[in-house]
Every structure is written in C-alpha cells, then in structure tokens.
Ligand SMILES: [Zn+2]
C-alpha cells in the first residue's frame, strides 16, 4: 500500500507481529522514499451476504448504527455500543467462515444486547425476530424473566454446573459460559433457548 505521508508505492516491513489474539497481523513499515514509518493491519476479510445475494465487508459501525436505534432513550453509552459491536464481530469471526449471512449478524447481536439493556433487546428482537403479536412479546419477556432468575440462582451458587438458558449461537454469551467453566466456546445448541428465530425481516443491523 502507498505511504500515507508521501504516497510512494513501496515500503519495507520492519516489524511483524500478531495482534487481536492471533486473528490479525500488525506490520510496521518504513517508506522507501521518505523513510517515515506507519503501521498496517492484516486480517482475514469477513463479508456479510445480504438476502439479495450482494456481499459487503463486515462493518462494526453498521452494527452500532442498527443497535443504536433500539437503544434510543436508554442508558446505553457509546462505549457500550462499541464493545457490543466488538463482541458481535468476535462471535461471527469465531464461526470461522469468510462469509456470513446478514441474519447471522442480527442473531449474534441478541445475546450481548440482552445483557446490555433488556428494553433495547426487546425492541431489537421484536423487529429482528418479526414479532407479530403480544404473545410473541410475552414469550420473550418470560424467557428474559427465566434467564434473570437463573442468573440469580447462579450468583447464589457459583459452582452450579447448570448451563444458562438461552445460550445464543456463535458463542454469543460464551464469556458467561467460560465464567462457569461450562464447555467450549459457543457451547449450546444452535438457536438454543426459547427464541426460535422466526421469519426474518430486513432491519437487524443495517447489513440487512
Ligand atoms: Zn513516504
């Protein structure tokens, strides 16, 4: 790539090291013309395939934009959204595919968003999972309540081997699993929990 200072096309790599826990390489380069140094990051490309079949690069900013709408008026900070987008990217990348369907992004958002803010989660889920009736909301709220009481029981008995209900796909919520020492990353059945993904509509992240 061109030198960001003088646009010269050639540079020399002076240092190369792993970054992002091995999923990326950071290279320190020296421009062959002006001699200034700059850093490049190299990581496997991750593409999101929309339902139209069009693929575009995964974008954390789009995840944030999609979730931000659901968080309007809620006590959620930009830092929280940035962290959530990071978790979504990690979860999707950990599935190991270079291309993921847009629905997978929305699905990976559900778990972290539920932990962040339950109201925002219900808003997002109602669109992403295409809630059609009060019953859909009631079921989602019941699942949230069950989850909350499970968490309380686990807090009271941290050694409990019980798998938390509603484990999301793609290892979403895996930090909690790790906390309780239950199984490998992403343990739990695909689409586990009470929330069987219904017909999808294109709202989710703006990837849709
Ligand atoms: Zn240069």
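Cβ from N, Cα, C; glycine included.
Note that the structure is a prediction, hence the values are computed from the model and not measured.
According to TrEMBL, the feature compositional bias 'Low complexity' maps to 157-167. The compositional bias 'Gly residues' annotation in TrEMBL covers 183-195. Summarising the annotation, TrEMBL assigns region 'Disordered' to 149-208. Here TrEMBL flags 3-34 as zinc finger.
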Chain residues outside the zinc finger (3-34) and at least six past its termini with a C-beta under 8 angstroms from it:
40-44, 93
Reported mean pLDDT - the zinc finger (3-34):
92
For the zinc finger (3-34), jot down how many residues DSSP puts in helix, in strand and in coil.
3 helix, 17 strand, 12 coil
